Amino acid sequence: MDGNGRWAKRRGLPRTMGHRKGVEAVRETVQAAGEAGVRYLTLFAFSSENWNRPEEEITDLMGLLKLFIRRDLAELHKENIRIRVIGGRARLDREILGLLVEAEELTRNNSAMHLVIAFNYGGRDEIVRAAKRLAEAVGRGELSPANVNEHTLSAFLDTAGIPDPDVIIRTSGEQRLSNFLLWQAAYTEFVFVPVLWPDFDKSAFHRALDEYASRERRFGAVPERDVALGS
Ligand code: FPP
């Protein structure tokens, strides 16, 4: 969800105003994804590197997540949306932790769409935490090193049970992964859109999905037609 700061700067507003407008784009995108039949929507709301931002901006982003859960949780639950949060929890304050757990608990049996919020998330950090937990399981004798494979490691990631993303949409014209879902994005399609996140709306979402739909995914294999032709 990139471009909040630039959106605000262009209007002579503080960066935090961009994040506030960004929450409206979150609401619109959640709705658009649900209507489009998306089963899993993951939003990168705060990265493990975002702690390097000015304290005022960090406080504002924490406040926006709290406000979002307080204001929108009942509606998301009514819409049968299941909320999951990925990312490290150690640095988060008690209030935010409580709200995240409440959102996950309340919606745990919902099934219309999974809304995954990546908060204090970094792909490398996730892999390191998973490796630690895996090593602990080996230490306790619950897992043999011979049985460590992609499947067993995946089960220790924050995203355990969540399918790998088909597509990652990055807004604002930046063309990088920025430590997002590093392990899970092995075969993901990337769609980069020039729109700044606060301006991202249903039509921008559908344009991105159309671009994804035009891609041919091969997962390291050759196209079916080439197999048929024997080429
Ligand atoms: C990146 O734009 C955006 C963020 C670091 C924060 C995104 C957070 C929200 C949209 C609101 C909270 C989320 C939820 C789920 C309620 P940037 O600030 O890096 O923009 P710039 O690249 O233009 O400076």
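Glycine too: its Cβ is placed from the backbone N, Cα and C atoms.
What TrEMBL lists as active site is ASP2. Under the heading active site, proton acceptor, TrEMBL lists ASN50. Positions annotated as Mg(2+) binding site by TrEMBL: ASP2, GLU189. The substrate binding site annotation in TrEMBL covers 3-7, ARG15, HIS19, 47-49, TRP51, ARG53, ARG170, 176-178.
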Legend entry - Three-class DSSP secondary structure - LEU177 (substrate binding site): coil
Inset, instruction - Please list, in sequence order, those binding-site residues from GLY5, HIS19, SER48 with the Cβ less than 6 Å from ligand 1. - result: GLY5, HIS19
Legend entry - Separation of alpha carbons, GLU189 (Mg(2+) binding site) and TRP7 (substrate binding site) (Å): 26
Legend entry - In the chain carrying ARG170 (substrate binding site), residues 6 or more apart in sequence that have Cβ under 8 angstroms from it: ASP2, ARG176, PHE190, VAL191, PHE192, VAL193
Legend entry - Sparsest Cβ surroundings (other CB atoms within 10 Å) among the binding-site residues TRP7, TRP51: TRP51
Legend entry - Secondary structure of GLY3 (substrate binding site) (DSSP, helix/strand/coil): coil
Inset, instruction - According to DSSP, folded down to helix, strand and coil, what is SER48 (substrate binding site)? - result: coil
Legend entry - Assigned element (helix, strand, coil) containing ARG170 (substrate binding site), judged by DSSP: strand
Legend entry - Chain-internal residues near LEU177 (substrate binding site), provided their CB is under 8 angstroms and they sit 6+ positions away: GLY123, ILE168, ALA185, PHE190
Legend entry - Spatial neighbour of GLU189 (Mg(2+) binding site) that is closest, considering only the recorded positions GLY3, GLY5, SER48, ASN50, TRP51 and their CA atoms: GLY3
Legend entry - Cα distance (Å, whole number) from ASN50 (active site, proton acceptor) to GLY5 (substrate binding site): 13
Legend entry - Cβ neighbour count (within 10 Å, all chains shown) around HIS19 (substrate binding site): 22
Legend entry - ASN50 (active site, proton acceptor) and HIS19 (substrate binding site), distance between Cα atoms, whole Å: 13
Legend entry - Among SER48, ASN50, the one of these recorded positions whose Cβ has the fewest neighbouring Cβ atoms within 10 Å: ASN50
